[in-house]
Amino acid sequence: MSPGDSALDYAKRQAGNVSSQAPSRPSSENDANGTVSTSNEHPSNEAGPSRPRSMGSERSASPQQGTTPKVPTKRRRLNAELAFSSPGPAFQVEQHGSEAQSDSNDSSGRARRPRRSTTLTKSGSNESQDRRSSAHIPKRKEEAGESRNLAESVPKNKLKLNNGKARASDEVELRESSLSLVLPSRSRSRSKSVVKLEPDQDSAFPQEVATPTLQPTRPKPQITPLTALNPQAALSEILARRRSERIALAQSDLEDVHDGHDMLVRELFHLTKFVTMVGYDPDVARTDQSDVFTTFKHAHDLRFSLDDSGSGAEASTAARVTRRRVNARLESLSLKRPDPPSTPSTPSFSKVKVDDDKKSAPEGRRNRRFSSVTGAQPRVNGAHTLETGHSDDTDDSSEEEDSEGSDLDAYSPDGREKGDAKDYNASRKGDAKRARLSSTPHKRHRAKVQDASSNAPVKRTGPRKSKALDELDAFILRQQPRPLPDHPPPLHILAPHQIPAHRRFGGDLDALYESFNMLQDDEGGLEDDDLETYIKLDQRWRAGLPIHPEAGSTTRHAVQKVPRNKSHHDHLLESVTSSYSQMRQYAKLKQQNSRKVARMIAQHWERQLGTSEREKKAEERRLRALAKWTLREVLKQWRLAVNVVRARKAAAEKAEKEKSDKEQLNAILEQSTAMLKKQHEVMTRADSLDDSDDEGSDRTNYGSDGSAESEISDIDDDDNQLIQIQDELPSVSPEQSLDMLTPVPEEADGSKDRVSNTTDHEAATANGDPTVVVESESQPSRRPQRRTARTKTFKARDSKLDADDIEFNDAGNDDEQEDAELERQMLEEDEEDDSEDAGLAADANIPIEELLKRYGYGQEADQDAEDSDAGEDAVSNDDSLENSATKDGSEDVAAVASIKIQEDAEVEEERPVQEDSMPDEAMDLEDDAVSTALNRPSDALLVDDHSDAESAATSGRRSSRRSMTRASSIVSSDRHATRLRQPFLLRGQLRPYQQIGFEWLCSLYANGVNGILADEMGLGKTIQTISLLAHLACDKGVWGPHLVVAPTSVMLNWEVEFKKFLPGFKILSYYGNQKERKEKRIGWNTENSFNVCITSYQLVLADQHIFRRKPWVYLVLDEAHHIKNFRSQRWQTLLGFNSQRRLLLTGTPLQNNLMDLWSLMYFLMPNGATELPGGGAFANMKDFQDWFSNPLDKAIEGGTSMNDETRAMVQKLHAVLRPYLLRRLKSEVEKELPSKYEHVITCRLSKRQRFLYNDFMSRAKTRESLASGNYLSIINCLMQLRKVCNHPDLFEVRPIVTSFAMSRSVVADYEIKDLLVRRRLLQENVWEKVDLDVTNLRITDGEEHLTAIESRDLRRLNAAKKLPHFREAVPEPRELDTWTLEGFERSREQRKLVDRMEKWKHMAYLNQYRCTKRPIYGSGLIKMLTEAGEAARLEPLEQHESDRRGFLTRCDSVLRIVQSRSTRRENMQALIDRFAFVTPRAVAVDMPRWALPGLEAHQRPDMVKREFDTVHPVAVKLHIAFPDASLLQYDCGKLQQLDILMRRLKEGGHRILIFTQMTRVLDILESFLNYHGYRYLRLDGATKVESRQALTEQFNRDARISAFILSTRSGGLGINLTGADTVLFYDLDWNAAIEAQCMDRAHRIGQTRDVHIYRFVTEHTIEENMLRKANQKRLLDNVVIQQGEFNTETLAKRLDWTDMLDESGKIGDVEVVVADQGVGARDVESAFLQAEDDEDRQAALRARHEMFIDDADFEEHQPSTSRPNTASATPLAHTASDGARPDNGAHAADALDAHEIENEHQEQEQEQEQAASIDDYMLAFVESDWPFFA
């Protein structure tokens, strides 16, 4: 037998098992009648491999007494089995009753815990393989429902028993084979062996189909249609066949459901574990039987999900599950096959005895408890019996009886099942077994399975059911749902309408089945009757009559519901609803009253039981609370008293401090006034000199001609020789040389002790201890000694100047002449090198004393220290020093430095200044002193004539080239009032104001005071400093070393200035990387290795450990505002340097507030003013803030006018700062400096600018940003508006307009219609219908054969006017007169006349056209033109000019008329450029195809050539519209004004500097200047530092360059652009101080023309607000600061973004919310940088990097002190009381204070005795014991 036939036979037998019929009547033996009802074996389409599940519900039964009992199957049991909830391992539909019962017993409703390993021994396959093979079975959900319905519809009387042995054998084989296929191993662990089932030798079919396939081919069972059945077959056979098909279909659907669920569980497991389905393989998933998956599958088993009783996985896992319990459950749920028989040939039969448990429900013979147990009995017993081979002892005795009784009780003798208890009792005829069975209907029945190998029943022995199984059964019983009751519950009818309707068919299902009329029944008569009825109804419907004649109308009326009278029940319900709310309220009220009563009773008894104890506790709590409150109030009063006393003490201390501060301020003012007075007296001693100055003293530059340069070079050479001689002398040691040339310091009080070095003091000051008093160093006392001839009165020099005298060049000389002069001087110096070497060699053999005398450095022999009192004989100017020498035999050599202000200081101490009482007088004195010092005429510089003469006698080679006379050297007869001479080492001539500054610096050095030179930019602070250092070398013998710290960008400028004006100094430029700096430090500590060291702020911080160890004479800080922050690391580092003197150079000593100025002042005087002669102390930071900073800041920020008190405070501040600060403005000191004029040019917005401006302001986002108050958003909006004002391309670039190119034109869509129209139009020849030759409309017809002469002759032959009726009018035709013959003839003749006249008229018309035909050109002209050129076509003359041979055969005059395409384009280029600018919105690229339909590119290859496309540029202009270059100017109002301004400046020969803030504006300006053809240069932040000087020199030298465009962020302080006399600010910068610096680049020394400053401001924009705020600040600066004469930068701070708003805080009509967010200056600067473009941002950063290399140090907070015993770095000056008050005054004050304290104590005691108030007592007590309370 083939596998296919085996599978088919297996399916048939399986379907037969399900649909086996029951016997007609029960019998304990064989059927008496011998009738055996055989069931038809219906074909089944199920294949063998598709049934891998065990038929665990089947039991093997052995024959008893040689008979095989017939097991009936009831319809109710079939219905129950079709709806079972736990499929279990045997997932199939069973029809046999015994099998159904076995399934009900075996398949428990509880959750089965799956085994970790399930192994099948059948043909090497396991359960997983079987499930995998069955996973591909198609779904059968629909067929399952049909099979279930069909099984329910089977009539009871159709069932029959099957008692054939072959049938029983097949059933046993099938059960055993299916059991052996899928019986799993119930071992608890993997180590145990699996349960192996031996194959049944008699069942060959399961062995053949045991091996599953991966893709089982199991076709879906089909339902045989009724038409395919045998018409002669009985109805029972048809039903049986249909039943078997339905059951097979349902079985297939159930298997599909199970397989589909299994695959879904596996997919869910994969998703749960691996999240994604990427690596999911169905074939691999089917073979997965791991422990993890088995556990996961157990939670999703269909047995638990379909079990409605709740005894699944959820119920079973609720309690604690032990191993014993699990094993017991697994044993109870496992299905084990009994051992095979010993004799293989003996077939095994199975007898299944089933008790019909469900029949008790309709019969009502069982109570509710046992019916529920029986109805939901889990299939446990059968499975347990089959596995263990024995059952419980309690079931042995009744098992056989139960099984027999179940067979007999099910059916009555007539084969019908009884529906009630009476029929059932009548059918049992006194049978004992039946009586026993009937007497015990509620007994629990179990099926008995006997061994197939024995004939007699096998007695089961073994242990009883375990306790775990009892608990499991009890748990299952508890979890099972309550089944339906055996009898329907009683109906509680409350109303008539609630009475149920009668059942149809009496509730009998059989009657319902019999009511159906099946096909092929002998009921044709009914169909005939119905047919007649249908015919009649159809006829009425077709006739339009109503279908039901009795209706009478076709309108359907709704059936009205008959109103029902209210019954008693209705009234009862209404009363219940109405009284319900009242009852609820009454119940709540009763509950509330009950609670109240209960509480009252409880409170009563509580009071009765514990009243006394409770009252005691309450009283105790009250007293404790009262005590706490009293204590709190008393402490509050004492705290108040302490606070009052503390406030009194603080007020007294504050008053005392104010008093001491006032005294200190007065002392400072007194000291400053005295010092200023002395400076005024010293600097005005030469007022008696003759004021007649030579014109050379007022020259505008300190460069001189060749003679002056050679003279200073000679002086420098002398000095160099002197230094060389001193170095080469072996007899003089360095110490002796130092004693001879270096001054000896002296203390300020005149003592003879040496002064210690100031390094320790400055280090201590840097550490924050400013109270340490260190002896100050005095200035050097030695100076070059004048000769005796210098004491005589100088004689007046001859007014005539020799040829060798110094001539001052005018400022208008060109730079080229100066460069040539410098080159000539350098050549002369090179020629003199040989002679200088010879002079040095001769001087080398001269003793040092003679050399000193020769060069004016003689030593005095006077050693008297009293010479300091006779100052009128020893000093000649304000820095004259006493000459002292060492005494004989003394070890200490002291040089006394006397200051002329000591005597005046003593006088001032005797006459104290009452600052408070007479402030006006003091201020007047100060103002007079300053005005006298600043406004006095420029005095002449004196040069000793005798000294020069003797020097010339010593070195005659230089006397001829040195001028001994100056025009300004006229002195008075007072020899002691001579001014300081200019150092002879200094090359060049100082200006008068520079000479004053030089003398002021010298006086500072002489007085031992540090100072600030704060001249305005461009006044020569550098040359004044160089002059001071030269003076120290020449007159004091102090050669350094000096340290100059400058910004990196001006280090080169310092080196150049030193080499230019002081070449005799050795300059060390300290820069480079670490290695280069290390090489430059070689010989660092060698004496005279260098005189001046120039470095930057960055390097001085990097190498501070090196600079700190070296002693410096002068520490010069250029751009000293770099140390304005005393908390910065730079300030603290430089403060600790070892330097004798300090000089600060800055153009802006006060940038932000007065604390910046205080930082500079404290840096100058770390010890305060005590080191000055006369004592005194400079204020500390807090006092300075209280005195000056806070009041002035408040007055300035408030914007109000200053009151008298504030004005007096400002005057005091001027008086304090004036002795240490010198500041001159260019407008004050440089009288010949050209004027500066400022202009504001308002510009209108262009149309595009106005559109963009209004569009941006109208945006919702802009309004939201302005109203938000976020300063970042507001600044961004302001920056966008400024871009629109500067140029619209900055905001939005004008686009390049192009046409939209369409690959397919619109005409292409109508191609088909066009062809259709053309075809229809061309069907007829239009020229055949219309003769154009008649009307001369064919204009080209006569061009070839008609000439002009012929046309003239034709016009002559025109005879139209001679034709008849030509001039007569044609009458109107009349109607025919048919009334009479005459009338008819008349009308007829008239018609003929009309026709004749019309004919002649038409002939004349045609003749007129034919005779007037004339050609346009004529054949003659065409022939002539053709003959003039080539015969093919006329060509331009350019193509034939090269052909000389054809000169005679062509007419050049004619050919010149013909122009080529290129020539014509050139001639029309102006029109093309002007008008070819409009581009179409869209173009189509396929238009040539439609415009020239018959012309192809291959037909005319010459048209494809590039030369042919001469109109391509024109086409490009029409396709792509580039913005016109002129739009760059006309789109911007500022550029329109700039065009007008540039034209006017160009005509006047002016040159302009154009400044802007934005880098992109520079690009636009470049395009603008290139468009107009102006020459220009550009300098921005990206320009390298070394290129800036070259650009500057090129602009100043080349007058052809009209403009220089620069960025305000370009940096480079000190750039000289005096070649331009016009400055234009294209846009306003955020920082107004930057604009001042930009102006100074043109308006500075060297400028010969007036400078005009222009500002472009766009009207009605935010630029007007910016200009208004800037003007206000400049006005306030002019009123408040310039009057102080010490600073112009107080209010030159950055413009705030709020300044650009209107006075009402609006921009246009949009109100801007200004939120107070505490935004700092750095935040605002960062916001500005963010709002700007990237290029401008980078330029600003580079500029700031150049100006402030370590800008981060300015904001750096002071580092916290980490070391103990280290004071803060914040400097505090001495108080006024330190060392200022004498001892006797202190003792007197102490005695007075003690006396006052005693008096106060006595008064307090008296007040305590007489005090009537507790408050006074408390205050007095606190004051008496204040140390305790404090």
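Glycine is treated like the rest: Cβ placed from N, Cα and C.
Lifted from Swiss-Prot, the feature list:
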BINDING   Asp1015, Glu1016, Met1017, Gly1018, Leu1019, Gly1020, Lys1021, Thr1022  ATP binding site
COMPBIAS  16-42  compositional bias 'Polar residues'
COMPBIAS  57-70  compositional bias 'Polar residues'
COMPBIAS  98-108  compositional bias 'Polar residues'
COMPBIAS  117-127  compositional bias 'Polar residues'
COMPBIAS  167-176  compositional bias 'Basic and acidic residues'
COMPBIAS  177-186  compositional bias 'Low complexity'
COMPBIAS  352-365  compositional bias 'Basic and acidic residues'
COMPBIAS  393-407  compositional bias 'Acidic residues'
COMPBIAS  414-434  compositional bias 'Basic and acidic residues'
COMPBIAS  711-720  compositional bias 'Acidic residues'
COMPBIAS  749-763  compositional bias 'Basic and acidic residues'
COMPBIAS  783-794  compositional bias 'Basic residues'
COMPBIAS  804-821  compositional bias 'Acidic residues'
COMPBIAS  828-837  compositional bias 'Acidic residues'
COMPBIAS  861-881  compositional bias 'Acidic residues'
COMPBIAS  1759-1769  compositional bias 'Polar residues'
COMPBIAS  1790-1804  compositional bias 'Basic and acidic residues'
DOMAIN    1002-1167  domain 'Helicase ATP-binding'
DOMAIN    1537-1692  domain 'Helicase C-terminal'
REGION    1-204  region 'Disordered'
REGION    329-465  region 'Disordered'
REGION    681-921  region 'Disordered'
REGION    940-974  region 'Disordered'
REGION    1754-1814  region 'Disordered'
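Excluding Asp1015, Glu1016, Met1017, Gly1018, Leu1019, Gly1020, Lys1021, Thr1022 themselves, the residues of that chain whose CB lies within 8 A of the CB mean position for the ATP site are, in sequence, Gly1147.
Between the candidate binding-site residues, Met1017, Leu1019, the densest Cβ environment within 10 Å is the one around Leu1019. The domain 'Helicase ATP-binding' (1002-1167) scores a mean pLDDT of 85 in the predicted structure. Counting Cβ atoms from all protein chains shown, Lys1021 (ATP binding site) has 23 others lying within 10 Å of its own Cβ. Take the CB of Asp1015 (ATP binding site) and look out to 10 A: across all protein chains shown you find 21 other CB atoms.
If you draw a 10 Å sphere around the CB of Gly1018 (ATP binding site), it holds 20 other CB atoms from the protein chains shown. DSSP assigns Lys1021 (ATP binding site) to a helical segment in the three-state reduction.
All protein chains shown were included, and the count of other CB atoms within 10 Å of the CB of Thr1022 (ATP binding site) stands at 22.
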